[in-house]
Amino acid sequence: MSLTDILSASDIAAALRDCQAPDSFSPKKFFQISGMSKKSSSQLKEIFRILDNDQSGFIEEDELKYFLQRFECGARVLTTSETKTFMAAADHDGDGKIGAEAAFQNLLPHRNSRVTDIILNMQHVVLCLFCMIRIK
């Protein structure tokens, strides 16, 4: 299974087009355009499974800069400013890495039900996996 079995290739392409210019990346907007914010917990678990090569459960800043390349090999690297902003939004305890449990908490629309809380938690995990895979 690949990411395009879960996320629409056209949605991924649209999300990447939206942030082609340096310093134009917005995590919230990217998640919305790519369709990640609409996926079920089982779909997010599958994305996690696909992306989690080392099973570390954490994303450090040097991994996060390659986030867009997880979606398309030819995509640009995030700028230092984008990477730091992304890290600050997702690193809830300030340890310099994004934990799988809460990676998307501040980056997705707030929802009130228990089911959507579970989905949000899974989306946090997915973000961590996207950032852990390095393009060689």
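Any Cβ shown, glycine's included, is placed from N, Cα and C.
What TrEMBL says about this protein:
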DOMAIN    39-74  domain 'EF-hand'
BINDING   D52, D54, S56, F58, E63  Ca(2+) 1 binding site
BINDING   D91, D93, D95, K97  Ca(2+) 2 binding site
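Here the CA atom of D93 (Ca(2+) 2 binding site) lies 18 Å from the CA atom of E63 (Ca(2+) 1 binding site). Geometry remark: S56 (Ca(2+) 1 binding site) versus D95 (Ca(2+) 2 binding site), CA distance 15 Å.
Of the listed binding-site residues, namely E63, D93, the sparsest Cβ surroundings within 10 Å are found at D93.
Put simply, K97 is the one of the binding-site residues D91, D93, D95, K97 whose Cα lies nearest to the Cα of F58 (Ca(2+) 1 binding site). The Cβ neighbour count for D95 (Ca(2+) 2 binding site), using a 10 Å radius and every protein chain shown, is 10.
With respect to Cβ neighbours within 10 Å, the binding-site residues S56, F58, D91, K97 differ, and S56 shows the lowest count.
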